[in-house]
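Note sheet for the following structure.
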Ligand SMILES: C[C@H](O)[C@H](O)[C@@H](O)[C@@H](O)C(=O)O
Ligand SMILES: [Mg+2]
């Protein structure tokens, strides 16, 4: 049976890549897709423990070692019927080069529904230089997200309906930031705090972070979730000691203790964890194989970032890996780009809201100011109805200082 004329889908005529912020830009601290690229006096850059914390000069500020050098990548795709779609991620000027001079050949000329074909070609064509993660996979993720946005805008359906529809009416969120006590008042189901100390600080470091946990537990009571995010800063011994010191204060999970490649460290820590405390990680893992390894190492919650793991196309595959072993997939905070996927996953009972307000004291859209109409949780909730707009339901704020450094 022939397709209805209205379903004769248009082709993709143009892909364009823009950057904002990052080391190559004239304007900094705007936030956006590279949400670590914030201005001064922001909780997200205040003495947070990292693998660089062993160097005194890089202990206070993650921007000092370059956490925000990449900046925001914006990928825009245009169809032959004039419809445009776009997405953002963390890749900046580097991503612009890869999009314009490499990935464009797999996108232009294809139909708007050939997303999976384009995804496979982008992954395989960059194997020789991607190393299976990092800025190359961030860039591929951004193209994939832009394609899903375009497809939804052409057929006038939200991405979550293209993925098979919602399995729940709303998404409940925990908040990541410096103030779990304020997050509780805003209706979130939990609060995840960064650790500020690491192995270079020894037992004194553990005591300081535990003191913060103790203080927050006293403020929020027994039932509000509290978690630590360790941002790859630890070793197995330190993480084990921190986990056991945190158990009396009902820490719900210990997140990303080690760099993504240290599968054996995760396997060992899982054996050492106090009963009932969860071990989570995944935001800096960029391949399906990497998530399979983490899943097999016993990670309780896989936390891919949809802008860093291969896009929605990869996120759906990762969710299936977790599901096959009875594990949860709770994506790293990535706003609408994960909301539309997680509301269709049966193994994602809640999701993350990354607080990008400077003192984590009000709900600011995570990728502010780049996305127009970016939804935020109200009382810790976003409903399926709020996602009922074509594509990802957001538009690009063209008043942002966007630059197009390369044209193919
Ligand atoms: C708060 C953490 O240090 C990171 O900045 C955060 O982006 C990420 O790890 C998270 O899980 O939200
Ligand atoms: Mg994290």
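Numbering starts at 1 and runs along the chain as it is shown here.
Cβ from N, Cα, C; glycine included.
According to TrEMBL, the features are:
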- 36, 62, 352: substrate binding site (BINDING)
- 175-276: domain 'Mandelate racemase/muconate lactonizing enzyme C-terminal' (DOMAIN)
- 229, 255, 283: Mg(2+) binding site (BINDING)
- 305: site 'Increases basicity of active site His' (SITE)
- 332: active site, proton acceptor (ACT_SITE)
- 352: site 'Transition state stabilizer' (SITE)
Within the predicted model, mean pLDDT of the domain 'Mandelate racemase/muconate lactonizing enzyme C-terminal' (175-276): 98
Contacting binding-site residues, sequence order - 36, 62, 352 vs ligand 2, Cβ under 6 Å: none
Residues of the domain 'Mandelate racemase/muconate lactonizing enzyme C-terminal' (175-276) by DSSP state, where helix covers H, G and I: 52 helix, 17 strand, 33 coil
Spatial neighbours of residue 283 (Mg(2+) binding site) among the recorded positions 36, 62, 305, 332, 352 [C-alpha, 10 Å]: 305, 332
For residue 352 (substrate binding site), the three-state class that DSSP assigns: strand
Contacting recorded positions for ligand 1, chosen from 62, 229, 305, 332 when the Cβ sits under 6 angstroms of any of its atoms: 229, 332
Distant-in-sequence Cβ neighbours of residue 36 (substrate binding site), under 8 Å, six or more positions away: 44, 45, 62, 63, 67, 68
Spatial neighbours of residue 332 (active site, proton acceptor), counting only the recorded positions 229, 305, 352 and Cα distances within 10 Å: 305, 352
Distance, residue 352 (substrate binding site) to residue 305 (site 'Increases basicity of active site His') (CA atoms, angstrom): 11
Near-site residues: Mg(2+), ref 229, 255, 283, CB cutoff 8 A to centroid: 176, 192, 230, 231, 256, 280, 281, 303, 332
Cβ neighbours within the same chain of residue 255 (Mg(2+) binding site) - under 8 Å, at least six residues apart: 192, 227, 228, 229, 230, 280, 281, 303
Longest CA-CA distance among 36, 62, 352, per record bound to substrate, angstrom: 21
Cβ-Cβ neighbours of residue 305 (site 'Increases basicity of active site His') (radius 10 Å): 24
For residue 62 (substrate binding site), the three-state class that DSSP assigns: helix
